[in-house]
Amino acid sequence: MENLPLTSNVRKNDLPNKPSTSYQAVKQVKKLTERNVGISSDDDMIDITTSGTMTERTLNQRSPINLPGSGETEDIPGIGQYEDFHTIDWQRDIARDRMRHRYILRRKKNSFIDLIKSAHDAWSGWLCVLLVGLVTGTVAAIIDIGTSWMSDLKFGICPQAFWLNMEQCCWSSNETSFELDKGNCSQWFYWSEIMTSSNYGPFAYIVSYLFYIAWALLFAALAAGLVRMFAPYACGSGVPEIKTILSGFIIRGYLGKWTLLIKSVGIMMCVSAGLSLGKEGPMVHIASCIGNILSYLFPKYGRNEAKKREILSAAAAAGVSVAFGAPIGGVLFSLEEVSYYFPLKTLWRSFFCALVAAFVLSSINPFGNEHSVMFYVEYHRPWMFFELIPFIGLGIIGGVIATVFIKCNIKWCRFRKTSILGQYPVMEVLLLTAVTAILSYPNPYTRMGTSQLIYLLFSQCDVSSNDGLCDYTNDKANVAGPGVYTAMLLLSMAFVLKLVTTIFTFGIKVPCGLFIPSLAMGGITGRIVGILMQQLAAKHPHLWFFDNSCGLPGQEGCITPGLYAMVGAAAVLGGVTRMTVSLVVIMFELTGGVRYIVPLMAAVMASKWVGDALGKEGMYDAHIQLNGYPFLDSKEDIVHTALAADVMQPRRAENLNVLTQSSMSLEDTEILLKDTEHNGFPVVVSRESQYLVGYVLRRDLQLALENAKRTIDGLLPESLVLFTDITQQVMPPPLKLKKILDMAPITITDQTPMETVVDMFRKLGLRQTLVTHNGRLLGVITKKDILRYIKQVDNEDPSSVLFH
């Protein structure tokens with residue numbers, strides 16, 4: 001076949017020109033693959049010859065838009081942007097950035113100013129993630145300080161300095177040690193002391209109880225009211241939405257300044273209200289808001305949605321870093337759990353961003369201790385090999401608990417969406433807060449903050465401990481006294497309350513995280529199992545599986561209950577989120593227990609296997625499915641038996657809405673836009689031939705028509721809309737829109753297996769692909785069509801996919 005120039009116009013009888021479009025699509029995929037495997041390709045710009053290759057000038061001409069910063073004027077404002085609740089075109093945005101980068105490199109030798117611009121473009125990504133890390137660390141410190149102060153405000157106040165929490169208030173006095181439960185801190189006053197001049201007796205207890213409930217209701221009402229009035233997107237965890245946004249979905253306002261402000265204030269109030277939720281999950285949303293806002297300081301990222309997601313991935317890593325004091329775990333969390341597109345340079349920048357955020361947080365030191373970790377543990381006894389059996393048992397228990405929690409929560413959230421309860425979100429929050437506060441106060445383990453409870457469960461008993469968990473009858477702390485069994489009963493009741501209240505709490509219209517309640521439930525389970533193992537070793541030290549390691553003269557107990565609490569916490573959290581590698585790293589960064597990586601790995605893997613066997617997806621993926629977000633999971637394996645022709649729209653017997661390259665008038669084009677809701681239109685040679693020329697986005701076409709009406713004189717309804725170059729004179733003067741035409745859309749044939757199509761959408765991040773047969777256009781497959789097809793394969797309702 002004769003080689004024709006790739007830039008020649010497709011006319012009705014130019015059949016040899018059709019393979020050039022397919023060739024360009026194949027070459028685009030090939031170049032992307034080469035970049036992904038690290039091949040340095042300098043032939044992106046091929047010198048033109050008569051054999052049909054492409055020059056850089058031709059490549060720029062074929063660009064669907066004029067690029068900001070490329071030295072050309074963007075004639076039509078808004079071209080290249082996306083509407084709300086739409087999917088981005090990864091290939092288009094990456095190509096735009098590549099062309100912008102080429103232009104800057106070409107110009108840098110022209111002058112010193114261009115050289116400075118080139119250098120700024122090179123390090124702007126590092127500067128952006130530096131700013132994100134600095135701001136995220138500062139915001140996290142403010143949230144930690146505010147949460148601590150408001151949580152203690154439910155119990156009392158420091159009259160001499162009301163802005164200090166209980167611990168800081170007592171530090172400000174000359175007393176070097178104090179026991180808060182016994183009232184040895186003279187600077188701190190409980191509400192019962194202020195109201196009744198006594199901290200003991202039934203009346204004092206009732207006063208403290210009422211103040212506890214009143215403060216909880218006040219904080220919850222403020223949080224729910226702020227979310228409802230100013231930032232509806234500030235509710236929930238935010239992680240499911242962040243995963244969807246990072247996969248290429250647009251949700252305007254979800255990462256805006258109002259969401260950042262209200263979520264930061266609201267999460268402090270919700271945690272202080274005593275609701276069964278945590279602030280760690282929302283920190284990912286807060287950090288992503290910071291990353292989105294700061295990215296607009298750098299047009300390279302602010303104007304390009306695909307590039308912006310590199311900053312958002314780094315911000316998500318910084319959010320976990322400051323939430324737990326775990327920078328390495330934060331990077332792995334972003335890689336494993338939330339990010340969809342994670343190239344190597346994003347990995348480096350995420351690590352740098354998480355490092356800066358953790359450094360800022362530790363410098364401010366909101367916890368007031370010498371450790372940057374949240375629950376520092378210092379176990380001196382090594383674990384024994386036989387303990388892997390109870391550790392794996394904890395993993396199995398954690399997987400079962402997580403499955404029960406996920407299924408119950410999803411059912412309740414679905415009921416909330418379809419019932420009258422969903423119409424009164426503030427009343428639901430207040431009712432849930434009142435019930436939680438009333439049931440939590442009598443139990444000391446639910447009355448305290450959840451983070452304080454986890455720290456208590458992880459900690460090791462010493463001589464100074466006065467909690468019932470450490471009521472041992474001997475100095476070796478291995479024979480339990482009556483206080484330990486009472487504490488186990490109270491912990492069992494606390495577990496039930498935490499499980500039930502978290503099921504109803506996660507998903508209400510206030511900021512609410514999932515990490516801390518999951519850690520608490522797992523920590524309670526693990527501590528109880530650890531105490532049982534400890535008593536077994538204390539009473540039967542000569543059993544064969546203890547290997548004579550327990551019960552030797554002068555030897556302390558060989559079982560550490562706090563270690564079991566740590567393993568149990570990881571097991572439940574792993575079952576709820578389905579995290580593996582990142583969770584193990586977060587746990588040993590969270591506690592400092594590096595020597596216990598193997599028990600953590602065993603429990604987490606057992607929990608994930610059990611969770612996957614009992615339920616298909618984790619909590620975040622379940623909420624993505626519940627809300628109908630267009631998220632195409634790259635980790636999910638599906639058996640495909642259909643062909644592209646079976647999934648494409650429209651079906652073979654139906655008409656396809658298209659644009660023609662040179663035979664449609666302005667009026668015809670406007671009627672097509674009015675009568676259809678498609679996000680884009682294929683451009684063909686003519687309605688009779690249906691040979692493909694290119695693809696035009698609906699938004700770009702609308703903006704181009706509006707701009708033409710506003711700026712071009714003499715434009716009539718019968719004026720032709722041309723997507724090709726013509727030399728002859730046409731009256732009335734035509735409207736030329738070739739600049740918005742994508743002349744190299746990704747195409748497939750109607751016989752392409754759906755396995756290949758789904759892999760293309762996952763790995764190339766496609767928004768749509770065109771289906772052809774012998775060069776003739778048959779239909780279009782969009783990302784929404786892929787999601788509906790997957791729903792059908794799973795025997796689910798395809799209409800649950802809500803957005804474009």
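Glycine residues also receive a Cβ, built from the backbone N, Cα and C atoms like all the rest.
Those TrEMBL annotations? Automatic predictions, nothing curated.
Pulled from TrEMBL:
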- 1-10: compositional bias 'Polar residues' (COMPBIAS)
- 741-799: domain 'CBS' (DOMAIN)
- 1-20: region 'Disordered' (REGION)
- 123-143: transmembrane segment (TRANSMEM)
- 203-227: transmembrane segment (TRANSMEM)
- 260-277: transmembrane segment (TRANSMEM)
- 311-335: transmembrane segment (TRANSMEM)
- 347-364: transmembrane segment (TRANSMEM)
- 385-406: transmembrane segment (TRANSMEM)
- 421-441: transmembrane segment (TRANSMEM)
- 484-508: transmembrane segment (TRANSMEM)
- 514-533: transmembrane segment (TRANSMEM)
- 563-588: transmembrane segment (TRANSMEM)
- 594-611: transmembrane segment (TRANSMEM)
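Two recorded stretches are said to be in contact when at least 3 C-beta pairs lie under 8 angstroms, sequence spacing 6 or more; the transmembrane segment (347-364) and the transmembrane segment (123-143) meet this definition. If you look at the transmembrane segment (514-533) against the transmembrane segment (421-441), you find fewer than three C-beta pairs under 8 angstroms, all six or more positions apart, and that falls short of contact. Counting Cβ pairs closer than 8 Å to the transmembrane segment (260-277), the top stretch among 123-143, 311-335, 563-588 is 123-143. Within the chain carrying the transmembrane segment (203-227), a Cβ under 8 angstroms from the stretch's Cβ atoms is held by residues 150, 153-155, 190-193, 195-196, 234-235, 262, 265-267, 269-270, 272-275, 425-426, 429-430, 433-434, 436-438, 441, 447, 509-511, all 6 or more beyond its ends. In the domain 'CBS' (741-799), the DSSP tally of helix, strand and coil residues is 24 helix, 18 strand, 17 coil. In terms of C-beta pairs under 8 Å, the stretch of 123-143, 421-441, 594-611 lying closest in packing to the transmembrane segment (563-588) is 594-611. The transmembrane segment (311-335) makes no contact with the transmembrane segment (385-406): fewer than 3 of their CB pairs lie within 8 A, with pairs spaced 6 or more apart in sequence. Fewer than three CB pairs closer than 8 A are found between the transmembrane segment (594-611) and the transmembrane segment (421-441), and contact between the two stretches is not assigned (pairs 6 or more residues apart). Mean predicted confidence for the domain 'CBS' (741-799): the pLDDT average there is 88.
Tertiary neighbourhood of the transmembrane segment (421-441): same-chain residues 209, 212-213, 216-217, 220-221, 223-225, 228, 273-276, 415, 447, 497, 501, 504-505, 508-510, selected by CB-CB distance under 8 Å and a gap of 6+ residues from either end.
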